[in-house]
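If you check Swiss-Prot, you get these features:
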| type | residues | note |
| --- | --- | --- |
| REGION | 335-370 | region 'Disordered' |
| COMPBIAS | 338-368 | compositional bias 'Low complexity' |
| ZN_FING | 495-529 | zinc finger |
| REGION | 584-619 | region 'Disordered' |
| COMPBIAS | 584-613 | compositional bias 'Low complexity' |
| COILED | 593-620 | coiled coil |
| COILED | 847-879 | coiled coil |
| REGION | 864-938 | region 'Disordered' |
| COMPBIAS | 864-876 | compositional bias 'Basic residues' |
| COMPBIAS | 885-937 | compositional bias 'Low complexity' |
| DOMAIN | 981-1246 | domain 'Protein kinase' |
| BINDING | LEU987, GLY988, ARG989, GLY990, SER991, ASN992, GLY993, THR994, LEU995, LYS1010 | ATP binding site |
| ACT_SITE | ASP1116 | active site, proton acceptor |
| DOMAIN | 1279-1444 | domain 'KEN' |
Amino acid sequence: MKSNYSTYLYKMSELERIVNGGDVSSIFIEQDDVLGEIKNFNYDLYTKYDSLVLKDPQTQNNSPKPPSLEIFILVNLIALCGRINDKFPNLDKFLTHYKYATNIFNLLSENIINSIEKFKETLSKDLPSFQLSVIANSSIVKKDNSIIKFLSCFGSFMKLESIEYFGSVFNSLIGEEDQFSLDLLQVLIDSSNEYKKFLQILEFNQLQKYYDDGHLCLFHSIKFDNLNEFKLLFNDSTWCQQQQQQQQINPQIFWFILCKYNSSKIAHYLLNDYQINKKSLKQKNPLEISPVTLLEIAFLCFSDKIAIVLFSQFNYHELLPKKSKMKHLIKSTSTLINNNNNNNNNNNNNNNNNNNNNNNNNNNNNNNSKNIGLTQYTVLEGYFLINIRTRSRIAPFIEVLTMNGIHLTNDIIHTRIKSMSSDSIFRIFTEQYQQQQQNPLNNNQKQIQFNENFTRQQKIDFDNCPNEIDTFILDKTQCNLITLSQEFSIKVRAFTFYLSFGEIFTCSCEDYKREFSCKHMFFILLNYYHVPRNSYLIYQRQFTEIERYSIIMNIDLSKINSRIYGTPNFNTFFKIKSSPSSTTSPFQSINNNNNNNLNNNNNNNLNNNNNNENENKFKEDGDDEILQNLNRLNYILLRDFEFGPNDITTKLRETHINLFDRLLLIEDNLEALDKILKNFTQKGCTLSRDLVGDRNLLVLVAILDSTSKEKLSLLNKYWPLPEKTKKFAIPLIFFAISEECLKMFIQISPNLVKSTLNLHDWISILTEFALINETFLDHYPLLSAWYSDARSVETSLFRLFTCMDKIDCINYLIQTYLLPIPTFKNTLNNFETCYFFETYFLENSSIKAEQYLLEQELLEKKKQKEKKKQKQKQSKSKIINNPLSSSSSSSSSPSTSNTTITSTTPTTTTTTTTTTTPTTTTTTTTTSSPKQKPITPIKKEIEKEFEKIELTTPPPPLATTKQQQINENYDISIGKFKFNRKEENVLGRGSNGTLVFKGIWNNRIPVAIKQMQKMFNPLISKEIEVLITLTNKNCYNIVRYIDQEEDESCVYLGLTLCDGSLQNLVEKGDNNLTLTQFLGYDINSSSKNNSRLLELIKDIVYGIQFLHQQGIVHNDLNPRNILIKDDRFIISDLGLSKMEVTSSYSFTMHAPTGQEGFHPAEVLLEKRKTKSVDIFSMGCILFYLMTGGQHPFGDKFYRIVNILTDKPILEPLKHNLVACDLISQMISKNESDRPTIEKILLHPFFWNHEKKVKFIDASLNLFKDSNGLFTSKLNKLINYQEINLKNNIDSSSSNNNNNINSNVINNNNNNNNGMATNIPFLSKPWNQLIDQTLIEHIINKQNQLNGVGNNKKVIIYSFDQVKDLVRCIRNTIQHHKEIQRLVRQSPSSNGDNKQEVLDCLESQELVLSYFEEKVPDLLLFLYQKFKKHLDSKSLIYFNDLIIK
């Protein structure tokens, strides 16, 4: 050979180089060398050489198979064609350029094509798809003109499928057009007449199918607005033929597609040059459409670019209707035209339109004469669709309307069907669906099919479902259809609507009791709404609060007299996705019955179609999905809604949602809201002023977040916010439950703070708009008492905020209005401050006396009740202490006589003393001065619980000598608590004078009594509220709250008495019990997680999980707060636990009081505390427990510095890398990097052997994936690990008996900034790590499964590949019994460990343990690699095992 350039060409590595860049013909250095290189290249010798190379095990991985003979010749011909100077050469020019071209291949081997004619025959056959893909993709990506010249020369000889493949690559890679794409499209069109017809087809049913399948078609040019490409593909001759055959295609669908993609260039061409050309040729324009209809369709998709084109073409001020404020409709015109009529009909229609226009002009003149001085506004009314594509176009579209003086009105709706035009796009879709709807089922049929529906739905987990469900529990008033919303895509076959069940719906399952929603709602929906069988339901609840409220506000579905309301607590939303099996396109269905759709005279015959026409199921697909949904639900609700006799049918026709409501309440598109408000108010227009009603304002004011605040500011900018509601005339400031909103209204009108309101009206308006539920007043007893009073109750703003505990609003009013007053004292309590505020600022001072007297009345009733209760207790005490007295009264009361006989004990005096003390204390507390703060709701709840305890607690047993001794030892009695303050009785100490004593409750139950100073904790009621919340929950991993008492200076809490703490267990040993004795093994002697240790760790994790599920942050976790009870860990010291909500931020401002070193950097820097604080502390505690008392940030004196500088020291835990990986994530300095409590439980640290086997199976399935998810890059990643050179764990000292580098920690945190290096995970082949006896029989077993004979042995594993190691483990687990039998039958030899191998093959768990011992870090290594590098598609294999 002269050189080896051609040889390089046929190596796959060289093909990869071609793909990545460079011209195909650049492989040949000089043009003259092209022929010589091809002539001197022997293809046969090359293939024989490569086959020999492939057999060499040292080079087999680097020597892929050679390309096929056809691709070999094809690439050479592309290179030859690239040397021709003509832009579009043909075969003759090719032969002329290479005059020896017919003999080019004669010098090659006999198997190679020896002539051009034979090569043309080869082109007409199927070419290898993968190698053809390399050529097509590389040529089009590089925009290599050689491929254009090749197709120009030889495209006519290629098989149609090969040409279509080039078109598909064009469709997927080409976006905006350029000269290369146009030239390539031209040669594709010219290459085959058949393919040309394929490209220029205009039947929308076929276009939809081709586009969904990835073929090049007209939709590509429309999507990217490629005008020149559109001209090449658009051929309206087929439409002309269809017109002659009375199969005219409705142009509205075509324009709808254009508006969907906002293709303004194509629209401008069709409205100008194309229209002029049709007129010059005296041809009918098949795309002719009314300008108003076209603007309505553009509005439907918010096509701002097309709107600009339309306003440049038409004068819409003459076409659109006009409105005025006083006279509703000034001018109306026909907005749509009927394209089904012939030319004669069109002429007649034109004449009629002219007459109508004349009449309209006359009417206008008359109206104008009657309405002189009224301002008329040109308005646009229509429908809109908001989805991913259109959402960003709302603002620019409305801006275009505003610039052209077009006003939007409140008649712009989302889902109304009632007033649709006769031949509008909505009617086309809806009527067609009605024709093809299947016959609905009656109630009996539904009842029969309910169990089938219940078990047929594969998308729902049935494990927790009851066997029977009452299918008749739901009536019509409980099906509250809320609204319809949609995301559109031609390629995604799915539709969505949301349903909400009413408050009356109930279910007996546990899920419903806990969350007020359950899976059975799905089946009721299936049962009653006759959802198509090929649909399935997905539960969806991820809505913001403002979305939930706004959806509720739009309920208007029934004409029944009673209102139907839901609340956010009871709403359940459903998402229905359809994957129909039918291949019928919606466009095909429309076209097949187009005349019937558009003929208004056939409306009465819609349900009398032939059965054959109903066989093809309507395919719910594309941008018409919402329209089909509307009609489908409307159809079912009107004709198939049979919940009972005499029920008024729910009509979907009444459901609508206004565009303004959508932008104001649901969308977070502030720019669009600003544009629509600007449009509403341009030129002083007030047509839509009534859109801002009480409903909108109350939703925004009552649920004020960052977005709603800006929306209110925008409203106030264009339409000043009213001071009061329209219906009740209540000041809106009374609904401002946040400081930001309060400031806004005070800025609008400072005098609003002097307003008062009737509480009955306030509650009524909150109830009417579903802003509160039936349990609202239960949380505010004082409000409840006012509301239950028949008298008119007036209240002030300050008093309302005080009763509702709105501290931020109260503080703002104090700072703004009261602090500047010299006589105001900041030491007053809230009640006194309220009285002071009302004295100075209320306009109607008479309400002060009324409110004061009412509160005094409530306090007096409470005082009398307590006195009565105290007298009853004293009388019982006298009976017990004085038997004679009780005897004298026996005649009048037999029950008293019985009490006297059984109560004669020597300890009655003590009982009397302890009973009297708490009663006196309680009385003193509750009968305070009139100015004292009223009893809080929490106190009321506590007292109710106390009453329950007193009623249900049996009388104490007779006192014994031991009991008397206990009572004598506890010399202090506070209510039901008894204890003493001796040093040996102190269990613990905290900050601010907090002490914990050992004592008893109810004279017999041992408890820990926590004493807290009131002066240091004025918000102690908040802590009690948290404890009560936890007491009502069933959790065994936290300390239980028992009771609460108080005296003048302290509050006493009774808690579970525990055996000790983790700190004492580790550092001192509780009750002579060491940590080793408590665990049952030496924690420093094993690298494995002992089951006892794992259960104790889970105790801590489950306790924190419970708190976080309740929205509570402990905030002070440390070993001292991990207590021991019944040999388990429980969490204590919830004194700083707070609800994790914004309103309680002021209660978490104080620094934590726990030990140093167990709080993250954000706490040390006094930043906001979230649940991640507990995650950090728990990570430190787990390290403390697993290392026997050491800290992950070193010695006590350096911990704070190491925490702030993020320098953990994990060396003591190097023997347990799985735990080390988990803890390293939990103690990250960046709180966003810490896992949630749910993700912690999914970490491999908590995996049992079943999950580990599941992970191995999932890994193997990924390795065998046929869709290319497991790439060579990923294979390389799992064979190497990235080692951080700054790692705190010394890898050289790690457990590495098998020479495996165990340093896999920080794989998730490497930033590849030069401080990391890649080393093999396996430092030696893994077959050297496993017993040879085992590996030999594993291979033998696999050979048997693969059908290999006994005399042959095939090595089926690569021992340097991690994926093969995983495969070996999985195969051993799967066939462990068979392998064990083979090992048992094999002869023994000296030195082998046959018995050890047999033992490890007893079960899958033992097999897994064997491999974990041999390769200890494999699962963690793979887990980290997959979590870091896999995409969402690949993670599907792992389900819930890996969550990023």
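Residue positions begin at 1 at the first shown residue.
The backbone N, Cα and C atoms fix where each Cβ goes, glycine too.
Summary for the recorded positions ARG989, GLY993, ASP1116: the Cβ-based neighbour count within 10 Å is maximal at ASP1116. A gap of 14 Å separates the Cα atoms of ARG989 (ATP binding site) and ASP1116 (active site, proton acceptor). For LEU995 (ATP binding site) paired with the residue listed as 'active site, proton acceptor', the C-alpha to C-alpha distance reads 16 Å. In three-state terms derived from DSSP, GLY993 (ATP binding site) belongs to neither a helical nor a strand segment and is classed as coil. On a Cα basis, ASP1116 (active site, proton acceptor) lies 18 Å away from LEU987 (ATP binding site). The separation of ASP1116 (active site, proton acceptor) from GLY993 (ATP binding site), Cα to Cα, is 17 Å. Every protein chain shown contributes to the tally, and the Cβ of LEU987 (ATP binding site) ends up with 18 other Cβ atoms within 10 Å. In the compositional bias 'Basic residues' (864-876), helix, strand and coil residues by DSSP number 13 helix, 0 strand, 0 coil. DSSP assigns LEU987 (ATP binding site) to a strand. Within 10 Å of the C-beta of LEU995 (ATP binding site) we count 18 further C-beta atoms, all protein chains included.
Each residue in the domain 'KEN' (1279-1444) has a pLDDT score, and their mean in this model is 71.
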